[in-house]
C-alpha cells in the first residue's frame, strides 16, 4: 500500500472514529457482564474504592479487596457480603440446599501497602494461589499530603508518588503477564482531573496523577501495538470528589454552583458505566473535557487569568490551611 492510499485509509478511520464516538452520545452501548469475574480493587477500605467494591458486588463479581487498613477493608467486605445475600435467588425448590455452596458470597480481603512493591508482589502471589487469575484490576488507592511544597517533608512527597503512581507499575506488573497470555482482562486507572490540569499548592499530588495518566496511556498504546485487543483499559478522571480528601477546597462563591464537588456515588456510577462499556476514558463532569482542551490551545497567561476569575488559582489554600491546623493540633495533643 503506497503512502497516498494509506493516508486515505487513515483519514477514513479517523472520521469513522468520530462517528462512532458521536453515536455513543445518543445510543447507550450495552454493558458487559462481570458475573463470576475476579476483580482486584486497591484502596477498597473507604471512599471510591469501597463504592467500586459494592457496585461490582451488585453485579456478582468475585471481589479481591486490598487496603492498608485491615478493619476498614473488612467493613467493606461485610457490606459486599450483605449485597450478595440480598442478591441470592430464592428458588424455593427442594434441592435449593444443594445449590447454596454455589451462591455463597465471594469476597477476599488482603492487607497490602501498595507503596511497597515487595508487599504488592507478595499479595498478588497470594491472590493467584488462593483465588486464581484475575479479570479486572482497579488501581484506585490514593493519598494526598495537604502541604505546600516547601512545608512538605520529603517522606510525604515520596509516599504520595509511590501510592498514587508507582503502585500502578507494581500491580500491573504483577497481573498483566497472565492477561497477556489469555488476551483477556481490564485495567482501570482511577486518576483525577488534577492529572490533566493543575492548581497551586498540590504539586506532589498533581505530579503523581500526571504520572499515573502517563503510565496508563503509554500502556494502552503498548497493548494496541501488540494487538492485545482483548485487554481493555479505562482511565477515570473525576473532578474533586466529596470524600473528605480535599475538604475545605473553595473557589469563588459565585462560581461554586457551576463546579460543585462530585458526590462519590455519582462519580462511581459514571465510572462503572465507562468500565462496563469498555470506554477508554471518562471525565466527570463532562465539562472537564472542555477544560482539558482549552489548556492545550490557550496561552498560559490566558489560563492564569481564567483561574483567577473562577478562584481556582488559590482554591486549595483553605484546604491546606485546614490540614496544617489539624496537624498542629495533633502534634500539640501528642506533645510533639
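Placed from the backbone N, Cα and C atoms, the Cβ positions cover glycine too.
Record features, source Swiss-Prot:
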{"type": "ACT_SITE", "residues": "205", "note": "active site, proton acceptor"}
{"type": "BINDING", "residues": "40-64", "note": "NADP(+) binding site"}
{"type": "BINDING", "residues": "192", "note": "substrate binding site"}
{"type": "TRANSMEM", "residues": "7-27", "note": "transmembrane segment"}
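Annotated features taken from Swiss-Prot, shown on the structure.
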| residue | record | contacts (Cβ under 8 Å, 6+ apart) |
| --- | --- | --- |
| 40 | NADP(+) binding site | 64, 66, 127, 134, 136, 137, 138, 171, 175 |
| 44 | NADP(+) binding site | 50, 52, 53, 63, 65, 66, 67, 73, 76, 140 |
| 48 | NADP(+) binding site | 140, 190, 241, 243, 264, 267, 268, 271 |
| 56 | NADP(+) binding site | 34, 39, 41, 63, 136 |
| 60 | NADP(+) binding site | 34, 35, 36, 84, 87 |
| 192 | substrate binding site | 142, 205, 209, 237, 238 |
Which state, by DSSP, holds the residue listed as 'active site, proton acceptor': helix, strand or coil?
helix
Across all protein chains shown, the recorded positions 52, 205 give the max Cβ-within-10 Å count at 52
Tell me the coarse DSSP state (helix, strand, coil) of residue 60 (NADP(+) binding site).
coil
Could you say whether, by DSSP, residue 52 (NADP(+) binding site) belongs to a helix, a strand or a coil region?
helix
Assigned element (helix, strand, coil) containing residue 44 (NADP(+) binding site), judged by DSSP
coil
